[in-house]
């Protein structure tokens, strides 16, 4: 420990359990690390410390290995102020520096060094990388996200325009507002997307420095609007999913629309309560509730994501999954026992499944955020694309819901006409029999 408490350029401490579980250990510290400098130049990163090479012969592979690493920056550069350091090992499988299994380095001001731990033994070094994720330009993911969200918004607008146009042009095939109530679910998501894009663009255009971590006033206001509509979206989807289950699966007694309005009011107040808690905690800066992520977004800190997102969204997902199980069971029973196809009945099942699928895809998408806090960069990049795709599916669900609602509405006049025809035939047949 006396050696560690000094201005050493590089050092490593292996825990006792690992030492006791090895037949031999060899440690090399290369102050001149030129052979490793050009091994991986991806993402404009660079090796800035000595290289520590650990060679071991393990007795039992089941035991875990913990090594503490200490690095001083040997190659300082002014540009390093706009990047980040990471404890990395050289992954021979992909020929790249990899951070898997290593903690984020903590700066020790006393000895001017970075300290971290890793759960395996191999070749280690301190790597500097520029803040690619926070650079002052939109990445492919940013552009794709804006496009997908905009398409979903346009899909909802197209549905409203089509509904209003048909109502003005033809009173026969027009639908009243009550028939479109299930689309409140899509409306809440559309409003969420609008505020989410506004939040991203506000942060992007008004952030003056990539080093800023504190949310400014307008970004904080927009962030809490986004959070309110996020919770309201899941509350609404869950409420309408439950109402649709009562209406189309249980069938009797048919629930009144008053019950739906009550569910929506409850959803509103739940959203208000959740948002009020978040705003209240954020008013005390010591809680560190929100932060600015580069010049892209103002959102909850990694420590708070689980409390304000993972838990509530997980609850809504669970409720919707339970509803889907009951709907699926009802459909299977109907298919098994039905003597003749009933298009209306089947269409309503499709309606409920589409509505709940929308809630599930949105839930999985927004749950990816907390997962990104503890996965490496490659996995995080893949999961980010999943979030973009799942969010973009909302436009598809909106169109499908509208088609199903409209098809059901169009079937009612047909069933009425067919019923009249059957009644006329019955009466004519009765008259003939009397003659």
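Here the Cβ of each residue, glycine as well, is placed from N, Cα and C on the backbone.
No curator has checked TrEMBL annotations; they are predicted automatically.
Per TrEMBL, the feature domain 'G-protein coupled receptors family 2 profile 2' maps to 141-406.
What TrEMBL records for 143-168 (among others) is transmembrane segment. Here the transmembrane segment (143-168) has long-range neighbours at 174-175, 180, 183, 186-187, 189-190, 193-194, 196-197, 200, 385, 387-389, 391-392, 394-396, 398-399, 402, meaning same-chain residues at least 6 beyond its ends whose C-beta is under 8 angstroms from one of its own.
Look at TrEMBL and you will find 180-204 (among others) tagged as transmembrane segment. Remote same-chain residues near the transmembrane segment (180-204) are listed as 138, 142, 146, 149-150, 152-153, 156-157, 159, 163, 218-219, 222-223, 225-226, 229-230, 232-233, 236-237, 240, 244, 257, 260, 264, 292, 295-298, 351, 355, 358-359, 362, 391, 394, 397-398, 401-402, 405 (criterion: CB distance under 8 Å, separation of at least six residues from the stretch ends).
Here TrEMBL flags 224-248 (among others) as transmembrane segment.
Annotation comment: TrEMBL describes 260-284 (among others) as transmembrane segment.
Taken from TrEMBL, the feature transmembrane segment applies to 304-328 (among others).
Taken from TrEMBL, the feature transmembrane segment applies to 351-376 (among others).
Annotation source TrEMBL lists transmembrane segment at 382-405 (among others).
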Integer mean pLDDT for the domain 'G-protein coupled receptors family 2 profile 2' (141-406): 79
